[in-house]
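The following features are taken from TrEMBL:
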type	residues	note
TRANSMEM	9-29	transmembrane segment
TRANSMEM	41-64	transmembrane segment
TRANSMEM	76-95	transmembrane segment
TRANSMEM	167-186	transmembrane segment
TRANSMEM	207-227	transmembrane segment
TRANSMEM	233-250	transmembrane segment
TRANSMEM	262-279	transmembrane segment
TRANSMEM	291-309	transmembrane segment
TRANSMEM	321-341	transmembrane segment
Amino acid sequence: MMKFTKQNFILLVGGIIIYVVDIGVDFWVASKYFCQGQYCWAILILCFRGLSSLITQIFSYEWFENDWEGTDTRKLKWIFLVHLFQCGIFIRYWFALKYGCQAAFKQNSSGDASETDPPNFIQKQAIDLVTDITMLRVFKTFLETTPQLFVQIYIVMEHGTNNFCQYAAIIMSFYGISISTVDYQISLRKSLPEKDEFHVLPKLVYLFYKLLTITSWILSISLITLLSVRSSVILLLLLWICGFTWTLKQHTTFCKSEKMEYLYRIVVGIILIFTFFNIKGRKTKVCISIYYATHIVVTLGILFVYMFWKPSIIKEIHFTIVSILTVLSLVVGIIFLVVYYRNFHPTAYCRRQTCSDEVDGEAGQKDRVEIGRFENFIMQ
């Protein structure tokens, strides 16, 4: 059985601290913009924060309602009230700390015991609670952190303003994306039989693959926004429609209710604007190739547009730096992507152990550890 270790507990505590600091940085940056009279940027930052918080509270309460079905309704009413005031994530962190502390420091059970035994039950509770937090952090990353990173980079490129709070927001955004993507991958590995170890090298390769491709894409969107805000909005809308349509065609089964399932598909459509995720755990070699080929074509197209429509801008040093960073991060990111899928992806592990190639597909579902809703969440 999977174990919740002391290291997992320390990372959980660190996650809480980062979450609180991130909230503080958001309101600090927004207040700075308000004080400078830049109300549009301040409202936009707060809107991303509000949307992210609203979506995560909705899913968090839905999961509590599913998990506590048939229990005392007074507890659910209390939980609903906490989520109404946008504090549901702290309840989840409290439960995770409670069970995590017991699992990491007070349990010395053998791995052969059944899940109904108290020690292993506590282990499973701790892991399930941390997994739920991980899924909510994925939502937060792509509904708030990544869009805010785009806004901050655009402001720096468009207005040339640079102050400490902006750099602090950009650093926190990069750090938030890094932690969320790696933490998510660790949780995913724990959902596969005998693949719960995610060593340092695979972590770094996966991190650089995600971080570099996302950075390149954000810079590309920033460049097209500098040309035309309308064109940028149209591009993002088209990308969301494509992602949402693909999600619909996958017939996802993440939520119990139909309304929540459609909300989930809408959110996944937004996530797919920024990075690729496997929706149903099936083979996606063709899909991921098309996805990043599209990114390459759009990025090169944007740079060519600048060359022919805005030749004067090309001579500016900041455009040269941004262009080099955009292309370089995309190329290096795709190299890390290829290395990850060839050597460190769970499917690669299975090929070495003569397992089924369909560990990420429907045939692999029956071999997975029973992990509840996470097995229907977006994968990689």
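Cβ coordinates come from backbone N, Cα and C, glycine included.
Tertiary neighbourhood of the transmembrane segment (76-95): same-chain residues 12, 15-16, 19, 53-54, 56-58, 60-61, 64-65, 68, 129, 132-133, 136, selected by CB-CB distance under 8 Å and a gap of 6+ residues from either end. Beyond the ends of the transmembrane segment (9-29), by six or more residues, the same chain brings 45-46, 49, 89, 93, 96-97, 100-101, 103-105, 130, 133, 137, 145, 148, 152, 165-166, 168-169, 172, 175-176, 179, 183 to within a C-beta distance below 8 angstroms of the stretch. Nonlocal intrachain contacts for the transmembrane segment (207-227), taken as residues 6+ away from its ends with a CB within less than 8 angstroms of a stretch CB, comprise 146, 149-150, 153-154, 157-158, 174, 177-178, 181-182, 235-236, 274-275, 292, 295, 298-299, 302-303, 305-306, 309-310, 322-323, 325-327, 329-330, 332-334, 336-337, 339-340.
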